[in-house]
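Working notes, beginning with the structure itself.
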Amino acid sequence: MEQSNKTSFWKRKDIRIQCVMYIIVFLIWFFGYMRSIGFGSYIKNYPIPLTMVFGGFVSGFTICGGGAVSFPIFCKALKLDPMMARDFALGIQSFGMTCATITIIVKKIPIEKTVAIFCTIGSFFGLVLGNIFVVPYISSGSMKILFSIMTAAFGTSLFAKTYLFRKNQKPMYDNLKIPDTRAKLLLIVIGIFGGIFTSVLGTGADILAFSMATILFRLNEKVLNPTSDIIMALSSIMGLLMRMFLFDGVNSDAARSFPLAIPIVIIMAPFGAVVASKIKRLAVVKFLLFFIVVDVASTFRSVHFDDQRLAFTIICFSVLLLFYLLLAKTSAIIDKSEEKV
(Lines of atoms letter the chains of each structure in order from A; the text may use other names.)
(Lines give C-alpha, C1' and ligand atoms only; values in the text may rest on other atoms or scores of the structure.)
Protein backbone atom coordinates (compact mmCIF):
# COMPACT_ATOMS: atom_id res chain seq x y z
CA MET A 1 0.00 0.00 0.00
CA GLU A 2 2.80 2.37 0.97
CA GLN A 3 4.68 1.52 -2.26
CA SER A 4 1.50 2.24 -4.26
CA ASN A 5 1.12 5.67 -2.64
CA LYS A 6 4.74 6.55 -3.47
CA THR A 7 4.23 5.50 -7.10
CA SER A 8 1.05 7.54 -7.49
CA PHE A 9 2.79 10.52 -5.86
CA TRP A 10 5.52 10.60 -8.54
CA LYS A 11 2.98 10.00 -11.31
CA ARG A 12 1.29 13.31 -10.53
CA LYS A 13 2.00 15.78 -13.33
CA ASP A 14 2.17 18.82 -11.03
CA ILE A 15 4.82 17.18 -8.83
CA ARG A 16 6.97 16.27 -11.84
CA ILE A 17 6.74 19.80 -13.27
CA GLN A 18 7.67 21.37 -9.94
CA CYS A 19 10.66 19.03 -9.55
CA VAL A 20 11.91 20.00 -13.02
CA MET A 21 11.37 23.68 -12.12
CA TYR A 22 13.46 23.39 -8.96
CA ILE A 23 16.26 21.53 -10.76
CA ILE A 24 16.46 24.17 -13.52
CA VAL A 25 16.48 27.07 -11.06
CA PHE A 26 19.08 25.35 -8.87
CA LEU A 27 21.39 24.84 -11.87
CA ILE A 28 21.00 28.50 -12.90
CA TRP A 29 21.65 29.59 -9.31
CA PHE A 30 24.72 27.40 -8.80
CA PHE A 31 26.47 27.69 -12.17
CA GLY A 32 25.20 31.14 -13.17
CA TYR A 33 25.68 32.99 -9.87
CA MET A 34 27.30 31.18 -6.96
CA ARG A 35 30.43 30.07 -8.80
CA SER A 36 31.35 33.73 -9.24
CA ILE A 37 29.89 35.15 -6.01
CA GLY A 38 31.10 32.38 -3.69
CA PHE A 39 29.32 30.76 -0.75
CA GLY A 40 31.34 32.89 1.68
CA SER A 41 28.98 35.74 0.77
CA TYR A 42 26.33 34.12 2.98
CA ILE A 43 28.41 34.84 6.09
CA LYS A 44 28.90 38.51 5.23
CA ASN A 45 25.35 39.14 3.98
CA TYR A 46 23.29 36.81 6.20
CA PRO A 47 20.51 39.41 6.88
CA ILE A 48 19.52 39.27 3.21
CA PRO A 49 18.55 35.57 2.97
CA LEU A 50 17.02 35.74 6.46
CA THR A 51 14.80 38.64 5.36
CA MET A 52 13.63 36.68 2.35
CA VAL A 53 12.47 33.69 4.41
CA PHE A 54 9.59 35.95 5.46
CA GLY A 55 9.62 37.95 2.22
CA GLY A 56 9.33 34.87 0.05
CA PHE A 57 6.35 33.56 2.00
CA VAL A 58 4.63 36.97 1.92
CA SER A 59 5.15 37.23 -1.85
CA GLY A 60 3.15 34.06 -2.41
CA PHE A 61 0.70 34.44 0.47
CA THR A 62 -0.40 38.01 -0.27
CA ILE A 63 -0.65 40.43 -3.18
CA CYS A 64 2.71 41.93 -2.21
CA GLY A 65 5.81 40.77 -4.03
CA GLY A 66 8.95 39.90 -2.10
CA GLY A 67 10.09 43.46 -2.77
CA ALA A 68 7.28 44.72 -0.56
CA VAL A 69 9.16 43.13 2.36
CA SER A 70 12.76 43.55 1.22
CA PHE A 71 12.38 47.22 0.19
CA PRO A 72 11.31 48.61 3.59
CA ILE A 73 13.63 46.31 5.58
CA PHE A 74 16.66 47.03 3.42
CA CYS A 75 16.04 50.79 3.30
CA LYS A 76 14.86 51.38 6.87
CA ALA A 77 16.35 48.64 9.05
CA LEU A 78 19.58 47.81 7.18
CA LYS A 79 20.08 51.38 5.82
CA LEU A 80 20.82 50.15 2.29
CA ASP A 81 20.47 52.25 -0.86
CA PRO A 82 16.87 52.29 -2.19
CA MET A 83 18.25 51.81 -5.71
CA MET A 84 19.83 48.56 -4.51
CA ALA A 85 16.56 47.53 -2.81
CA ARG A 86 14.62 48.21 -6.02
CA ASP A 87 16.90 46.12 -8.26
CA PHE A 88 17.12 43.39 -5.59
CA ALA A 89 13.31 43.21 -5.59
CA LEU A 90 13.17 42.88 -9.37
CA GLY A 91 15.84 40.17 -9.34
CA ILE A 92 14.47 38.07 -6.52
CA GLN A 93 10.85 38.34 -7.71
CA SER A 94 11.92 37.19 -11.18
CA PHE A 95 12.76 33.84 -9.56
CA GLY A 96 10.44 33.57 -6.55
CA MET A 97 7.27 34.89 -8.16
CA THR A 98 7.92 32.90 -11.33
CA CYS A 99 8.15 29.70 -9.28
CA ALA A 100 4.94 30.73 -7.48
CA THR A 101 3.31 31.32 -10.89
CA ILE A 102 4.28 27.86 -12.13
CA THR A 103 2.92 26.35 -8.90
CA ILE A 104 -0.35 28.28 -9.31
CA ILE A 105 -0.75 27.02 -12.88
CA VAL A 106 0.13 23.35 -12.30
CA LYS A 107 -2.03 23.13 -9.16
CA LYS A 108 -4.87 24.83 -11.07
CA ILE A 109 -5.39 27.52 -8.42
CA PRO A 110 -8.16 29.83 -9.76
CA ILE A 111 -7.00 33.10 -11.37
CA GLU A 112 -8.59 35.87 -13.45
CA LYS A 113 -6.88 35.50 -16.84
CA THR A 114 -8.17 38.73 -18.39
CA VAL A 115 -6.81 40.79 -15.48
CA ALA A 116 -3.44 38.99 -15.65
CA ILE A 117 -3.04 39.49 -19.41
CA PHE A 118 -4.09 43.12 -19.79
CA CYS A 119 -2.51 44.43 -16.58
CA THR A 120 0.77 42.83 -17.68
CA ILE A 121 0.51 44.50 -21.10
CA GLY A 122 -0.02 47.85 -19.38
CA SER A 123 2.82 47.15 -16.96
CA PHE A 124 5.26 46.80 -19.87
CA PHE A 125 4.49 50.32 -21.09
CA GLY A 126 4.50 51.65 -17.52
CA LEU A 127 7.98 50.21 -16.91
CA VAL A 128 9.30 51.97 -20.02
CA LEU A 129 7.69 55.30 -19.09
CA GLY A 130 8.80 55.07 -15.46
CA ASN A 131 12.43 54.33 -16.31
CA ILE A 132 12.57 57.24 -18.75
CA PHE A 133 10.56 59.96 -17.02
CA VAL A 134 10.49 59.14 -13.26
CA VAL A 135 13.47 57.05 -12.10
CA PRO A 136 16.20 59.57 -13.09
CA TYR A 137 14.54 62.38 -11.13
CA ILE A 138 13.34 60.83 -7.84
CA SER A 139 15.44 60.90 -4.65
CA SER A 140 16.10 57.98 -2.27
CA GLY A 141 14.03 59.54 0.53
CA SER A 142 11.11 60.12 -1.82
CA MET A 143 11.26 56.47 -2.90
CA LYS A 144 10.78 55.30 0.71
CA ILE A 145 7.89 57.69 1.24
CA LEU A 146 6.25 56.80 -2.08
CA PHE A 147 6.28 53.10 -1.21
CA SER A 148 4.51 53.72 2.10
CA ILE A 149 2.02 56.12 0.50
CA MET A 150 1.06 53.47 -2.04
CA THR A 151 0.56 50.76 0.59
CA ALA A 152 -1.19 53.13 3.04
CA ALA A 153 -3.73 54.29 0.45
CA PHE A 154 -4.45 50.71 -0.50
CA GLY A 155 -4.69 49.68 3.17
CA THR A 156 -7.14 52.50 3.92
CA SER A 157 -9.41 51.52 1.04
CA LEU A 158 -9.18 47.82 1.94
CA PHE A 159 -10.01 48.50 5.60
CA ALA A 160 -12.99 50.68 4.67
CA LYS A 161 -14.25 48.15 2.17
CA THR A 162 -13.87 45.19 4.54
CA TYR A 163 -15.02 46.67 7.86
CA LEU A 164 -16.72 50.07 7.50
CA PHE A 165 -18.93 49.41 4.48
CA ARG A 166 -19.48 45.71 5.08
CA LYS A 167 -23.29 46.05 5.28
CA ASN A 168 -23.46 47.73 1.87
CA GLN A 169 -21.18 45.25 0.13
CA LYS A 170 -22.40 43.63 -3.05
CA PRO A 171 -21.49 40.09 -4.13
CA MET A 172 -17.88 39.39 -5.11
CA TYR A 173 -17.09 37.60 -8.35
CA ASP A 174 -14.42 35.08 -9.33
CA ASN A 175 -14.31 36.36 -12.92
CA LEU A 176 -15.03 39.56 -14.82
CA LYS A 177 -18.76 39.68 -15.49
CA ILE A 178 -18.34 41.40 -18.87
CA PRO A 179 -14.71 41.37 -20.12
CA ASP A 180 -15.46 43.90 -22.90
CA THR A 181 -13.18 46.43 -24.58
CA ARG A 182 -13.87 49.05 -21.89
CA ALA A 183 -12.81 46.70 -19.10
CA LYS A 184 -9.66 45.66 -20.98
CA LEU A 185 -8.65 49.29 -21.58
CA LEU A 186 -9.15 50.06 -17.88
CA LEU A 187 -6.95 47.09 -16.98
CA ILE A 188 -4.22 48.33 -19.33
CA VAL A 189 -4.35 51.78 -17.69
CA ILE A 190 -4.11 50.14 -14.25
CA GLY A 191 -1.13 48.15 -15.50
CA ILE A 192 0.60 51.30 -16.79
CA PHE A 193 0.42 52.94 -13.37
CA GLY A 194 1.56 49.69 -11.75
CA GLY A 195 4.50 49.49 -14.12
CA ILE A 196 5.55 53.05 -13.26
CA PHE A 197 5.52 52.22 -9.54
CA THR A 198 7.48 49.02 -10.23
CA SER A 199 10.14 50.90 -12.21
CA VAL A 200 10.70 53.16 -9.19
CA LEU A 201 10.23 50.75 -6.26
CA GLY A 202 10.70 47.25 -7.67
CA THR A 203 7.13 46.41 -6.71
CA GLY A 204 3.67 47.90 -7.18
CA ALA A 205 2.16 46.33 -10.30
CA ASP A 206 0.64 43.58 -8.15
CA ILE A 207 -0.66 45.91 -5.43
CA LEU A 208 -2.35 48.32 -7.86
CA ALA A 209 -3.83 45.53 -9.99
CA PHE A 210 -5.23 43.83 -6.89
CA SER A 211 -6.61 46.93 -5.20
CA MET A 212 -8.14 48.52 -8.28
CA ALA A 213 -9.64 45.31 -9.65
CA THR A 214 -11.33 44.54 -6.32
CA ILE A 215 -12.86 48.02 -6.20
CA LEU A 216 -13.67 48.44 -9.89
CA PHE A 217 -14.86 44.94 -10.79
CA ARG A 218 -15.65 43.51 -7.31
CA LEU A 219 -13.40 40.52 -7.91
CA ASN A 220 -12.77 38.06 -5.09
CA GLU A 221 -9.48 38.70 -3.26
CA LYS A 222 -8.72 34.97 -3.14
CA VAL A 223 -8.79 34.85 -6.95
CA LEU A 224 -6.92 38.13 -7.41
CA ASN A 225 -4.20 37.10 -4.96
CA PRO A 226 -2.65 34.43 -7.26
CA THR A 227 -3.50 36.60 -10.28
CA SER A 228 -1.40 39.42 -8.83
CA ASP A 229 1.47 36.95 -8.28
CA ILE A 230 1.51 36.26 -12.02
CA ILE A 231 1.40 39.98 -12.88
CA MET A 232 4.31 40.68 -10.54
CA ALA A 233 6.37 37.77 -11.86
CA LEU A 234 6.08 38.94 -15.46
CA SER A 235 6.55 42.61 -14.49
CA SER A 236 9.70 41.74 -12.51
CA ILE A 237 11.22 39.82 -15.41
CA MET A 238 10.48 42.66 -17.82
CA GLY A 239 11.74 45.26 -15.35
CA LEU A 240 14.98 43.37 -14.68
CA LEU A 241 15.70 42.89 -18.39
CA MET A 242 15.02 46.57 -19.05
CA ARG A 243 17.44 47.58 -16.29
CA MET A 244 20.06 45.19 -17.69
CA PHE A 245 19.87 46.05 -21.39
CA LEU A 246 18.01 49.33 -21.95
CA PHE A 247 18.67 51.65 -19.02
CA ASP A 248 21.39 52.23 -16.39
CA GLY A 249 22.07 48.59 -15.59
CA VAL A 250 21.36 46.61 -12.41
CA ASN A 251 22.80 48.01 -9.17
CA SER A 252 26.08 46.16 -8.51
CA ASP A 253 25.25 45.45 -4.84
CA ALA A 254 21.85 44.07 -5.84
CA ALA A 255 23.44 41.85 -8.51
CA ARG A 256 25.72 40.33 -5.85
CA SER A 257 22.98 40.03 -3.22
CA PHE A 258 19.77 38.70 -4.73
CA PRO A 259 21.27 35.32 -5.80
CA LEU A 260 21.84 34.56 -2.09
CA ALA A 261 18.07 34.45 -1.55
CA ILE A 262 17.09 32.48 -4.66
CA PRO A 263 17.02 29.00 -2.98
CA ILE A 264 14.83 30.45 -0.23
CA VAL A 265 12.22 32.30 -2.30
CA ILE A 266 11.71 29.50 -4.82
CA ILE A 267 10.46 27.39 -1.91
CA MET A 268 8.74 29.99 0.28
CA ALA A 269 6.85 31.84 -2.50
CA PRO A 270 5.08 28.73 -3.88
CA PHE A 271 4.42 27.60 -0.29
CA GLY A 272 2.79 30.95 0.49
CA ALA A 273 0.63 30.75 -2.64
CA VAL A 274 -0.65 27.30 -1.67
CA VAL A 275 -1.39 28.38 1.93
CA ALA A 276 -3.27 31.48 0.74
CA SER A 277 -5.49 29.32 -1.50
CA LYS A 278 -6.52 27.18 1.51
CA ILE A 279 -7.56 29.82 4.06
CA LYS A 280 -10.44 32.26 4.35
CA ARG A 281 -10.44 35.64 2.59
CA LEU A 282 -10.65 37.64 5.84
CA ALA A 283 -7.44 36.07 7.17
CA VAL A 284 -5.54 37.30 4.09
CA VAL A 285 -7.03 40.79 4.54
CA LYS A 286 -6.02 40.96 8.22
CA PHE A 287 -2.48 39.88 7.40
CA LEU A 288 -2.21 42.55 4.70
CA LEU A 289 -3.48 45.30 6.99
CA PHE A 290 -1.02 44.33 9.74
CA PHE A 291 1.88 44.39 7.29
CA ILE A 292 0.84 47.82 5.96
CA VAL A 293 0.61 49.34 9.46
CA VAL A 294 4.12 48.09 10.29
CA ASP A 295 5.54 49.51 7.05
CA VAL A 296 3.96 52.96 7.45
CA ALA A 297 5.06 53.17 11.10
CA SER A 298 8.64 52.29 10.12
CA THR A 299 8.64 55.01 7.46
CA PHE A 300 7.67 57.73 9.94
CA ARG A 301 10.38 56.48 12.27
CA SER A 302 13.21 56.25 9.72
CA VAL A 303 12.57 59.22 7.40
CA HIS A 304 12.94 62.87 8.38
CA PHE A 305 9.85 64.79 7.27
CA ASP A 306 10.54 68.43 6.48
CA ASP A 307 7.75 70.70 5.23
CA GLN A 308 8.37 69.78 1.60
CA ARG A 309 8.26 66.03 2.20
CA LEU A 310 5.22 66.33 4.44
CA ALA A 311 3.37 68.25 1.73
CA PHE A 312 4.47 65.67 -0.86
CA THR A 313 3.18 62.85 1.37
CA ILE A 314 -0.20 64.47 2.03
CA ILE A 315 -0.78 65.36 -1.63
CA CYS A 316 0.19 61.91 -2.98
CA PHE A 317 -1.85 60.07 -0.34
CA SER A 318 -4.89 62.27 -1.05
CA VAL A 319 -4.58 61.77 -4.81
CA LEU A 320 -4.38 57.99 -4.44
CA LEU A 321 -7.37 57.89 -2.08
CA LEU A 322 -9.34 60.09 -4.49
CA PHE A 323 -8.38 57.73 -7.30
CA TYR A 324 -9.73 54.76 -5.32
CA LEU A 325 -12.97 56.66 -4.66
CA LEU A 326 -13.33 57.43 -8.36
CA LEU A 327 -12.82 53.76 -9.12
CA ALA A 328 -15.55 52.87 -6.66
CA LYS A 329 -17.84 55.41 -8.37
CA THR A 330 -16.96 53.97 -11.78
CA SER A 331 -17.76 50.51 -10.44
CA ALA A 332 -21.23 51.72 -9.44
CA ILE A 333 -21.78 53.15 -12.94
CA ILE A 334 -20.69 49.86 -14.51
CA ASP A 335 -23.11 47.98 -12.22
CA LYS A 336 -26.02 50.17 -13.33
CA SER A 337 -25.18 49.73 -17.01
CA GLU A 338 -25.00 45.95 -16.52
CA GLU A 339 -28.39 45.90 -14.76
CA LYS A 340 -29.97 47.62 -17.77
CA VAL A 341 -28.53 45.04 -20.15
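Cβ from N, Cα, C; glycine included.
Remember, TrEMBL labels are computer predictions, not curated facts.
Listed in TrEMBL:
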- 20-43: transmembrane segment (TRANSMEM)
- 49-75: transmembrane segment (TRANSMEM)
- 87-109: transmembrane segment (TRANSMEM)
- 115-138: transmembrane segment (TRANSMEM)
- 145-165: transmembrane segment (TRANSMEM)
- 185-217: transmembrane segment (TRANSMEM)
- 229-246: transmembrane segment (TRANSMEM)
- 258-276: transmembrane segment (TRANSMEM)
- 283-303: transmembrane segment (TRANSMEM)
- 309-327: transmembrane segment (TRANSMEM)
With pairs fewer than 6 apart in sequence excluded, do the transmembrane segment (49-75) and the transmembrane segment (309-327) have three or more C-beta pairs that lie under 8 Å?
no
For the transmembrane segment (115-138) and the transmembrane segment (185-217), check the count of CB pairs under 8 Å (sequence separation 6 or more) and say whether it reaches 3 or more.
yes
Listed stretch, out of 49-75, 145-165, 185-217, 258-276, that has the most CB pairs under 8 angstroms to the transmembrane segment (20-43)
258-276
The transmembrane segment (185-217): which same-chain residues, six or more beyond its ends, come within Cβ distance under 8 Å?
63-68, 71, 85-90, 93, 112, 114-115, 118-131, 134-135, 138, 143, 146-147, 150-151, 154, 157-158, 161, 173, 176-177, 224-225, 227-229, 231-232, 235-236, 239, 242, 324, 327-328, 330-331, 334
Remote residues contacting the transmembrane segment (229-246) - C-beta distance under 8 A, at least 6 residues beyond either end:
59-60, 63, 65, 67, 87, 89-91, 93-94, 97-98, 100-101, 104, 111, 115-116, 119-120, 123-124, 127-128, 131, 191, 194-195, 198-199, 202-203, 205-206, 209, 269, 273
